[in-house]
Amino acid sequence: MGRLLLLAGLVLLMKHSDGTAYKLVCYFTNWAHSRPGPASIMPHDLDPFLCTHLIFAFASMSNNQIVAKNLQDENVLYPEFNKLKERNRELKTLLSIGGWNFGTSRFTAMLSTLANREKFIDSVISFLRIHGFDGLDLFFLYPGLRGSPPHDRWNFLFLIEELQFAFEREALLTQHPRLLLSAAVSGIPSIIHTSYDALLLGRRLDFINVLSYDLHGSWEKFTGHNSPLFSLPEDSKSSAYAMNYWRKLGTPADKLIMGFPTYGRNFYLLKESKNGLQTASMGPASPGKYTKQAGFLAYYEVCSFVQRAKKHWIDYQYVPYAFKGKEWLGYDDTISFSYKAMYVKREHFGGAMVWTLDMDDVRGTFCGNGPFPLVHILNELLVQTESNSTPLPQFWFTSSVNASGPGSENTALTEVLTTDTIKILPPGGEAMTTEVHRRYENMTTVPSDGSVTPGGTASPRKHAVTPENNTMAAEAKTMSTLDFFSKTTTGVSKTTTGISKTTTGVSKTTTGVSKATAGISKTIPEISKATAGVSKTTTGVSKTTTGISKTITGVSKTTTGISKTTTGISKTTTGVSKITTGVSKTTTGISKTTTGISQTTTGISKTTTDISKTTTGISKTTPGISKTTPGMTVIVQTQANEAETTATMDHQSVTPTEMDTTLFYLKTMTPSEKETSRKKTMVLEKATVSPREMSATPNGQSKTLKWASLITEVETYSQDG
């Protein structure tokens, strides 16, 4: 009762907004009419005033052209769907192409060449105008996954850029409003980094529908909610985490539309007495009477289930669940939708996306709360608000994390949160005509150090989005080594004093060191093979490095007449730094100490001028030292060859032959640049040339592409990281 009173107060406060125009984007599926009895929904059953944008799912593709899935869609559903705009002139309708069952092969074929994309774009403009749609929604699940090659990530971006250009040109020529362009994208971090360039998508698309649901389901071994608003730290499976992740990658917040599911997912419990959150399950529970899909209930089926079940609230996730016997259900209701809508407004996101409008209680016959109870609350909070300076309520976002909410089982919590396997499945129970609906691929999870807590905050995190890195595995390692730097710095300074006492002994053994140079170079292959082992002892090595640089000054005072050997020593230093570069592939911490060693070389060369006057008497040792010079020369030559090879490989990895090079970003970093902690970035910026004005060769490459400028930027990083 207390929660209901609190919610009532919050809703009254939310009636006053900051004047921002929020989108309420609602999907309608072309199979909704095929459900039995009162669950059968046609377009004329929809309320045209509830949503700001209606999206018809789904169209298909044939011979690289957009087509209707069947004649009924084209002749009956399309006209009836767009006729809703006669009742609401402000309503926008879009046609979505793709979906889970559509797969990826037809997308890949269409994206592969400029000619295929142009054919698709021409068909899209004609098809949308003929049937009265206001835009296109791309529902490609997912570029670079499920059989889609990695370069589809970039070809997908090229298609979006070319669609936007064509839509603008068509609007200019016909004086019609420009067609809208949106896309449905994943809310799972590892899929995001594999499939999308978040920054560029945010610039090209009118809005982005984030699939912030299907985060838990009966494919897992433990119960979990389908779409929690928040999650525990180190857990990326929540709507807030997904939205903030896209925003951190550079997507404008006002273009991000958060997903709201009008369905729940159920589990069959292992033990009836263990019925809380994160308890063991044996798979999906019984299918719904109308949707007929195991592990899945539409909201109108949820209402029937909870009327005879025990209901609970997950405090830190702001969502409900219910259980009856061995059946456990995580779902959304009007209260959880209200909290999520308030979160959207508080974070200034673009609005809410509903999957789907036809799974709400359309006629109000199942739940007893009137037609469209879920979507109606979103309409009240996001659309029917008036401008006012009243601030949004803050207190509910600052509650502490309660890991032991009603019925939770903490014993199972750790195992679930530490899993590194993500199941990819159809969003929102899309597949309605087949018995097998779940598909999955194993993905490596991203470290969730930026997880969103009920406080609505996120810990700082940096992201490096480059064309070369399509997976998050490398980035995860880079983040770990950054932490490693800061931990070893203090230890280095503590050992300096002890090493300075051995200066005199070091100066007497200089000749012996030069003779052993050849032996050191011979052991380089062995060192590189043992890299994994070396990384475990790196902490000890890094602590002595700074001390060595400080003892050089003492050596210069006692080393009379060693000017002839100085050159030989400087050559061996280059060889050592090369060894370090190999090791830095496994432990970046070692590469940081290399800078300290290279600085000692400069110090020695500076003392050479002063000592050259006392060369007499040391010349007897010169022949022995000169014998090592050829070996040093070989090392220097090898380094130069490797640097050239690395640069060549970097260039090749950026632009695979299958990619259309309408635009790309090129980054290179040679070993010598790594030694000086410098990174060179070259950005090729495209001139404003229409894709239609580019003549394409058979492999899809444009040969009339012009570039406005070649910009070279050099960033210098301090040696302390």
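All residue numbers here begin at 1 and follow the chain in the order shown.
Cβ coordinates come from backbone N, Cα and C, glycine included.
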N-linked glycosylation site according to Swiss-Prot, picked from Asn388, Asn442: Asn442
- prompt: Which whole number is the mean pLDDT over the repeat '9' (542-548)?
  reply: 36
Message: Counting other Cβ atoms within 10 Å of each residue's Cβ, which of the disulfide-bonded residues Cys26, Cys51 comes out lowest?
response: Cys26
